[in-house]
Amino acid sequence: MESEGYRCRSSRYIESGQSAVPGSVLFAAGLLGNVLALLLLGQHRRRSRSPGGRPPRVSAFYVLVSGLAVTDLLGKCLLSPIVLAAYAYNRSLSELGPGGRGQDEPGMLCQLFAFLMAFFGLAPMLLLLAMALECWLSLGHPYFYRRHLTRRLGATLGPAAAGLCALFCALPLLGFGVPMQYCPGTWCFIRMAGGGPRQLGFPVLYASLMGLLVLAIVACNVSSMRHLYGMARRQPRRGPAPAAAPRMEELDHLVLLGLMTVLFTVCSLPLIIRAYLGAFAADFNENADLSALRFLSVNSIVDPWVFIIFRTSVFRGFVRRFCRGLSSR
(Lines of atoms letter the chains of each structure in order from A and count residues from 1; the text may use other names and numbers.)
(Lines give C-alpha, C1' and ligand atoms only; values in the text may rest on other atoms or scores of the structure.)
Protein backbone atom coordinates (compact mmCIF):
# COMPACT_ATOMS: atom_id res chain seq x y z
CA MET A 1 0.00 0.00 0.00
CA GLU A 2 1.24 3.41 -0.91
CA SER A 3 1.28 6.01 1.85
CA GLU A 4 2.73 8.90 -0.11
CA GLY A 5 -0.04 9.37 -2.64
CA TYR A 6 -0.73 8.24 -6.16
CA ARG A 7 2.54 7.18 -7.76
CA CYS A 8 1.25 7.13 -11.39
CA ARG A 9 -0.52 10.47 -11.28
CA SER A 10 1.94 12.20 -13.62
CA SER A 11 3.66 9.21 -15.24
CA ARG A 12 4.19 9.26 -19.01
CA TYR A 13 4.65 5.54 -19.53
CA ILE A 14 2.77 2.44 -18.44
CA GLU A 15 4.05 0.86 -15.26
CA SER A 16 6.30 -2.12 -15.96
CA GLY A 17 5.06 -5.64 -15.37
CA GLN A 18 1.49 -4.92 -16.48
CA SER A 19 -0.33 -6.94 -19.13
CA ALA A 20 -3.08 -6.05 -21.60
CA VAL A 21 -4.64 -9.53 -21.27
CA PRO A 22 -7.24 -8.68 -18.54
CA GLY A 23 -8.47 -5.63 -20.45
CA SER A 24 -8.59 -7.56 -23.72
CA VAL A 25 -10.57 -10.41 -22.15
CA LEU A 26 -13.08 -8.02 -20.57
CA PHE A 27 -13.48 -6.16 -23.87
CA ALA A 28 -13.98 -9.34 -25.91
CA ALA A 29 -16.44 -10.83 -23.41
CA GLY A 30 -18.48 -7.63 -23.18
CA LEU A 31 -18.52 -7.17 -26.95
CA LEU A 32 -19.61 -10.77 -27.59
CA GLY A 33 -22.34 -10.80 -24.96
CA ASN A 34 -23.91 -7.46 -25.86
CA VAL A 35 -23.79 -8.04 -29.63
CA LEU A 36 -25.38 -11.47 -29.17
CA ALA A 37 -28.02 -9.96 -26.88
CA LEU A 38 -28.91 -7.26 -29.44
CA LEU A 39 -29.19 -9.91 -32.17
CA LEU A 40 -31.54 -11.95 -30.00
CA LEU A 41 -33.64 -8.87 -29.25
CA GLY A 42 -33.88 -8.07 -32.96
CA GLN A 43 -34.88 -11.64 -33.74
CA HIS A 44 -37.53 -11.55 -31.02
CA ARG A 45 -38.93 -8.31 -32.46
CA ARG A 46 -39.13 -9.79 -35.98
CA ARG A 47 -40.91 -12.90 -34.71
CA SER A 48 -43.42 -10.74 -32.83
CA ARG A 49 -44.66 -8.98 -35.96
CA SER A 50 -48.35 -9.30 -36.71
CA PRO A 51 -49.53 -11.17 -39.84
CA GLY A 52 -50.22 -7.87 -41.58
CA GLY A 53 -46.59 -6.79 -41.20
CA ARG A 54 -47.28 -4.18 -38.54
CA PRO A 55 -44.54 -3.43 -36.01
CA PRO A 56 -45.01 -5.50 -32.82
CA ARG A 57 -46.23 -3.92 -29.63
CA VAL A 58 -43.18 -4.05 -27.36
CA SER A 59 -43.27 -3.81 -23.60
CA ALA A 60 -41.52 -1.34 -21.31
CA PHE A 61 -39.16 -4.13 -20.24
CA TYR A 62 -38.14 -4.73 -23.87
CA VAL A 63 -37.31 -1.04 -24.30
CA LEU A 64 -35.33 -0.90 -21.05
CA VAL A 65 -33.35 -4.08 -21.68
CA SER A 66 -32.55 -2.89 -25.21
CA GLY A 67 -31.28 0.39 -23.76
CA LEU A 68 -29.18 -1.54 -21.23
CA ALA A 69 -27.55 -3.65 -23.96
CA VAL A 70 -26.83 -0.56 -26.09
CA THR A 71 -25.39 1.33 -23.09
CA ASP A 72 -23.13 -1.55 -22.06
CA LEU A 73 -21.94 -2.06 -25.65
CA LEU A 74 -21.26 1.65 -26.11
CA GLY A 75 -19.27 1.76 -22.88
CA LYS A 76 -17.08 -1.14 -23.97
CA CYS A 77 -16.52 0.31 -27.44
CA LEU A 78 -15.57 3.75 -26.11
CA LEU A 79 -13.37 2.80 -23.14
CA SER A 80 -11.61 -0.46 -23.97
CA PRO A 81 -9.96 0.70 -27.24
CA ILE A 82 -8.34 3.61 -25.35
CA VAL A 83 -6.87 1.20 -22.79
CA LEU A 84 -5.60 -1.17 -25.50
CA ALA A 85 -4.07 1.76 -27.43
CA ALA A 86 -2.19 2.84 -24.30
CA TYR A 87 -0.74 -0.65 -23.96
CA ALA A 88 0.11 -0.78 -27.67
CA TYR A 89 2.05 2.52 -27.59
CA ASN A 90 3.35 2.08 -24.02
CA ARG A 91 2.11 5.57 -23.19
CA SER A 92 -0.13 6.70 -20.35
CA LEU A 93 -3.46 8.34 -21.08
CA SER A 94 -2.18 11.77 -20.08
CA GLU A 95 0.68 11.33 -22.52
CA LEU A 96 -1.54 10.08 -25.37
CA GLY A 97 -4.00 12.97 -25.13
CA PRO A 98 -3.35 16.72 -25.20
CA GLY A 99 -2.15 18.22 -21.94
CA GLY A 100 -4.29 19.96 -19.36
CA ARG A 101 -4.23 23.61 -18.47
CA GLY A 102 -1.89 23.15 -15.50
CA GLN A 103 1.23 21.10 -14.83
CA ASP A 104 -0.52 18.73 -12.41
CA GLU A 105 -3.76 18.58 -14.40
CA PRO A 106 -4.27 15.41 -16.46
CA GLY A 107 -4.60 15.52 -20.21
CA MET A 108 -7.91 15.97 -22.01
CA LEU A 109 -8.04 12.27 -22.93
CA CYS A 110 -7.60 11.33 -19.28
CA GLN A 111 -10.39 13.71 -18.23
CA LEU A 112 -12.68 12.33 -20.92
CA PHE A 113 -11.87 8.78 -19.81
CA ALA A 114 -12.69 9.64 -16.18
CA PHE A 115 -16.05 11.11 -17.24
CA LEU A 116 -16.89 8.05 -19.35
CA MET A 117 -15.88 5.68 -16.55
CA ALA A 118 -18.15 7.48 -14.10
CA PHE A 119 -21.02 7.68 -16.61
CA PHE A 120 -20.94 4.05 -17.76
CA GLY A 121 -20.61 2.90 -14.17
CA LEU A 122 -23.74 4.75 -13.08
CA ALA A 123 -26.04 4.77 -16.14
CA PRO A 124 -26.52 0.96 -16.32
CA MET A 125 -27.41 0.99 -12.62
CA LEU A 126 -30.22 3.46 -13.26
CA LEU A 127 -31.53 1.23 -16.05
CA LEU A 128 -31.24 -1.83 -13.81
CA LEU A 129 -33.26 -0.02 -11.15
CA ALA A 130 -35.94 0.83 -13.72
CA MET A 131 -36.06 -2.82 -14.80
CA ALA A 132 -36.22 -4.04 -11.20
CA LEU A 133 -39.11 -1.65 -10.51
CA GLU A 134 -40.85 -2.83 -13.68
CA CYS A 135 -40.54 -6.46 -12.59
CA TRP A 136 -41.72 -5.69 -9.05
CA LEU A 137 -44.75 -3.74 -10.25
CA SER A 138 -45.74 -6.38 -12.81
CA LEU A 139 -45.74 -9.08 -10.12
CA GLY A 140 -46.96 -7.23 -7.04
CA HIS A 141 -49.20 -4.55 -8.57
CA PRO A 142 -50.40 -5.85 -11.94
CA TYR A 143 -53.35 -3.46 -12.24
CA PHE A 144 -51.17 -0.38 -11.76
CA TYR A 145 -48.58 -1.88 -14.08
CA ARG A 146 -51.01 -2.44 -16.96
CA ARG A 147 -52.59 0.97 -16.51
CA HIS A 148 -49.51 3.19 -16.22
CA LEU A 149 -46.37 1.41 -17.48
CA THR A 150 -46.31 1.74 -21.25
CA ARG A 151 -43.73 1.47 -24.00
CA ARG A 152 -43.66 5.27 -24.28
CA LEU A 153 -42.79 5.57 -20.60
CA GLY A 154 -39.98 3.05 -21.02
CA ALA A 155 -38.64 4.95 -24.03
CA THR A 156 -38.73 8.20 -22.01
CA LEU A 157 -37.01 6.85 -18.91
CA GLY A 158 -33.86 5.79 -20.78
CA PRO A 159 -32.86 9.18 -22.25
CA ALA A 160 -33.95 10.99 -19.08
CA ALA A 161 -31.75 8.75 -16.91
CA ALA A 162 -28.82 9.16 -19.33
CA GLY A 163 -29.15 12.96 -19.30
CA LEU A 164 -29.27 13.22 -15.51
CA CYS A 165 -26.36 10.80 -15.20
CA ALA A 166 -24.27 12.80 -17.70
CA LEU A 167 -24.90 16.06 -15.82
CA PHE A 168 -23.94 14.47 -12.51
CA CYS A 169 -20.77 12.81 -13.87
CA ALA A 170 -19.68 16.10 -15.49
CA LEU A 171 -19.33 17.79 -12.07
CA PRO A 172 -15.58 16.94 -11.77
CA LEU A 173 -14.98 18.72 -15.07
CA LEU A 174 -16.52 21.81 -13.46
CA GLY A 175 -14.34 21.70 -10.34
CA PHE A 176 -16.30 19.49 -7.93
CA GLY A 177 -13.98 16.50 -7.85
CA VAL A 178 -10.62 15.86 -9.51
CA PRO A 179 -10.09 13.59 -12.56
CA MET A 180 -6.82 11.73 -12.10
CA GLN A 181 -4.66 9.09 -13.73
CA TYR A 182 -4.30 5.78 -11.90
CA CYS A 183 -1.70 3.04 -12.14
CA PRO A 184 -0.62 1.45 -14.35
CA GLY A 185 -1.38 4.59 -16.40
CA THR A 186 -4.04 3.02 -18.62
CA TRP A 187 -7.13 4.36 -16.89
CA CYS A 188 -8.41 7.52 -15.24
CA PHE A 189 -11.12 8.10 -12.68
CA ILE A 190 -12.10 10.58 -9.99
CA ARG A 191 -9.56 10.99 -7.20
CA MET A 192 -10.77 8.85 -4.29
CA ALA A 193 -8.12 9.54 -1.61
CA GLY A 194 -6.27 12.58 -0.32
CA GLY A 195 -7.27 16.22 -0.62
CA GLY A 196 -10.00 18.31 0.95
CA PRO A 197 -13.78 18.27 0.86
CA ARG A 198 -13.86 19.82 -2.61
CA GLN A 199 -11.77 16.96 -4.01
CA LEU A 200 -13.35 14.09 -2.06
CA GLY A 201 -16.95 15.28 -1.96
CA PHE A 202 -17.78 13.91 -5.40
CA PRO A 203 -16.42 10.34 -4.92
CA VAL A 204 -18.27 10.06 -1.60
CA LEU A 205 -21.45 11.33 -3.25
CA TYR A 206 -20.91 8.99 -6.21
CA ALA A 207 -20.36 5.97 -3.95
CA SER A 208 -23.38 6.90 -1.80
CA LEU A 209 -25.59 7.14 -4.87
CA MET A 210 -24.32 3.78 -6.10
CA GLY A 211 -24.97 2.28 -2.68
CA LEU A 212 -28.55 3.57 -2.64
CA LEU A 213 -29.13 2.16 -6.14
CA VAL A 214 -27.75 -1.22 -5.08
CA LEU A 215 -30.02 -1.30 -2.02
CA ALA A 216 -33.07 -0.30 -4.07
CA ILE A 217 -32.37 -2.90 -6.77
CA VAL A 218 -31.79 -5.66 -4.21
CA ALA A 219 -34.99 -4.71 -2.35
CA CYS A 220 -37.06 -4.79 -5.55
CA ASN A 221 -35.57 -8.10 -6.66
CA VAL A 222 -36.05 -9.73 -3.26
CA SER A 223 -39.69 -8.62 -3.27
CA SER A 224 -40.13 -9.96 -6.82
CA MET A 225 -38.55 -13.26 -5.80
CA ARG A 226 -40.98 -13.51 -2.89
CA HIS A 227 -43.93 -13.00 -5.26
CA LEU A 228 -42.54 -15.59 -7.70
CA TYR A 229 -42.00 -18.11 -4.92
CA GLY A 230 -45.56 -17.63 -3.73
CA MET A 231 -46.89 -18.07 -7.28
CA ALA A 232 -44.81 -21.23 -7.76
CA ARG A 233 -46.11 -22.75 -4.52
CA ARG A 234 -49.70 -22.17 -5.58
CA GLN A 235 -49.13 -24.16 -8.79
CA PRO A 236 -49.65 -27.96 -8.76
CA ARG A 237 -46.42 -29.87 -8.21
CA ARG A 238 -47.47 -32.87 -10.27
CA GLY A 239 -49.72 -33.19 -13.22
CA PRO A 240 -49.73 -32.97 -17.00
CA ALA A 241 -47.23 -30.78 -18.84
CA PRO A 242 -49.61 -27.78 -19.36
CA ALA A 243 -50.28 -27.61 -15.61
CA ALA A 244 -46.62 -27.89 -14.62
CA ALA A 245 -45.33 -25.41 -17.23
CA PRO A 246 -46.34 -22.19 -15.38
CA ARG A 247 -44.57 -23.40 -12.24
CA MET A 248 -41.36 -24.13 -14.13
CA GLU A 249 -41.48 -20.72 -15.80
CA GLU A 250 -41.83 -18.98 -12.45
CA LEU A 251 -38.95 -21.02 -11.05
CA ASP A 252 -36.85 -19.97 -14.07
CA HIS A 253 -37.50 -16.30 -13.30
CA LEU A 254 -36.79 -16.93 -9.61
CA VAL A 255 -33.38 -18.46 -10.39
CA LEU A 256 -32.48 -15.63 -12.77
CA LEU A 257 -33.48 -12.92 -10.30
CA GLY A 258 -31.47 -14.54 -7.53
CA LEU A 259 -28.44 -14.93 -9.78
CA MET A 260 -28.64 -11.34 -11.03
CA THR A 261 -29.01 -9.95 -7.49
CA VAL A 262 -25.94 -11.78 -6.18
CA LEU A 263 -23.73 -10.96 -9.18
CA PHE A 264 -24.78 -7.31 -9.30
CA THR A 265 -24.09 -6.82 -5.58
CA VAL A 266 -20.69 -8.55 -5.72
CA CYS A 267 -19.60 -6.49 -8.74
CA SER A 268 -20.73 -3.12 -7.34
CA LEU A 269 -19.62 -3.23 -3.71
CA PRO A 270 -15.80 -3.12 -4.24
CA LEU A 271 -15.87 0.36 -5.83
CA ILE A 272 -18.22 1.68 -3.13
CA ILE A 273 -15.93 0.34 -0.42
CA ARG A 274 -12.81 1.75 -2.09
CA ALA A 275 -14.36 5.22 -2.39
CA TYR A 276 -15.21 5.33 1.32
CA LEU A 277 -11.82 3.94 2.36
CA GLY A 278 -10.03 6.50 0.22
CA ALA A 279 -12.06 9.41 1.54
CA PHE A 280 -12.08 8.58 5.25
CA ALA A 281 -8.97 6.39 5.71
CA ALA A 282 -6.64 7.92 3.08
CA ASP A 283 -6.09 4.52 1.47
CA PHE A 284 -3.93 4.89 -1.66
CA ASN A 285 -3.92 1.23 -2.73
CA GLU A 286 -4.14 1.68 -6.51
CA ASN A 287 -4.09 -2.06 -7.21
CA ALA A 288 -7.25 -2.41 -5.14
CA ASP A 289 -8.76 0.55 -7.02
CA LEU A 290 -8.00 -1.13 -10.36
CA SER A 291 -9.55 -4.40 -9.17
CA ALA A 292 -12.68 -2.53 -8.04
CA LEU A 293 -13.06 -0.90 -11.47
CA ARG A 294 -12.61 -4.26 -13.17
CA PHE A 295 -15.29 -5.75 -10.93
CA LEU A 296 -17.63 -2.92 -11.91
CA SER A 297 -16.94 -3.51 -15.61
CA VAL A 298 -17.99 -7.15 -15.18
CA ASN A 299 -21.55 -5.84 -14.76
CA SER A 300 -21.67 -4.90 -18.45
CA ILE A 301 -20.56 -8.45 -19.30
CA VAL A 302 -23.05 -10.17 -17.00
CA ASP A 303 -26.08 -8.00 -17.86
CA PRO A 304 -26.81 -9.31 -21.39
CA TRP A 305 -26.42 -12.93 -20.30
CA VAL A 306 -28.73 -12.61 -17.29
CA PHE A 307 -31.45 -10.47 -18.88
CA ILE A 308 -31.49 -11.73 -22.48
CA ILE A 309 -29.48 -14.85 -23.29
CA PHE A 310 -30.47 -16.83 -20.17
CA ARG A 311 -34.14 -16.07 -20.92
CA THR A 312 -34.11 -17.92 -24.25
CA SER A 313 -36.00 -21.19 -24.70
CA VAL A 314 -32.73 -23.11 -25.19
CA PHE A 315 -31.38 -22.09 -21.80
CA ARG A 316 -34.75 -22.68 -20.11
CA GLY A 317 -34.86 -26.18 -21.57
CA PHE A 318 -31.38 -26.85 -20.18
CA VAL A 319 -32.40 -25.61 -16.71
CA ARG A 320 -35.52 -27.76 -16.72
CA ARG A 321 -33.60 -30.88 -17.75
CA PHE A 322 -31.02 -30.15 -15.05
CA CYS A 323 -33.70 -29.71 -12.37
CA ARG A 324 -35.47 -32.91 -13.43
CA GLY A 325 -32.17 -34.78 -13.28
CA LEU A 326 -31.56 -33.55 -9.74
CA SER A 327 -35.11 -34.45 -8.64
CA SER A 328 -34.84 -37.96 -10.12
CA ARG A 329 -31.60 -38.54 -8.24
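For all residues, glycine too, the Cβ spot is worked out from N, Cα and C.
Feature annotations, reproduced from TrEMBL:
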{"type": "DOMAIN", "residues": "33-307", "note": "domain 'G-protein coupled receptors family 1 profile'"}
{"type": "TRANSMEM", "residues": "20-41", "note": "transmembrane segment"}
{"type": "TRANSMEM", "residues": "61-89", "note": "transmembrane segment"}
{"type": "TRANSMEM", "residues": "112-139", "note": "transmembrane segment"}
{"type": "TRANSMEM", "residues": "160-180", "note": "transmembrane segment"}
{"type": "TRANSMEM", "residues": "200-224", "note": "transmembrane segment"}
{"type": "TRANSMEM", "residues": "254-277", "note": "transmembrane segment"}
{"type": "TRANSMEM", "residues": "297-319", "note": "transmembrane segment"}
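Within its own chain, the transmembrane segment (200-224) is flanked in space by residues 118, 121-122, 125-126, 128-129, 132-133, 135-136, 139-140, 168, 171-172, 176-177, 190-194, 257-258, 260-261, 264-265, 268-269, 271-272, 275-276, 278-279, which lie at least six positions past its ends and keep a Cβ under 8 Å from the stretch. Within the model, the domain 'G-protein coupled receptors family 1 profile' (33-307) carries an average pLDDT of 77. Outside the transmembrane segment (254-277), and at least 6 residues removed from its termini, the chain residues within Cβ reach (under 8 Å) are 121, 125, 128, 135, 192-193, 203-204, 206-207, 210-211, 214, 217-218, 221-222, 224-225, 228-229, 232, 283, 288-289, 291-293, 295-296, 298-299, 302, 306-307, 310-311, 319.
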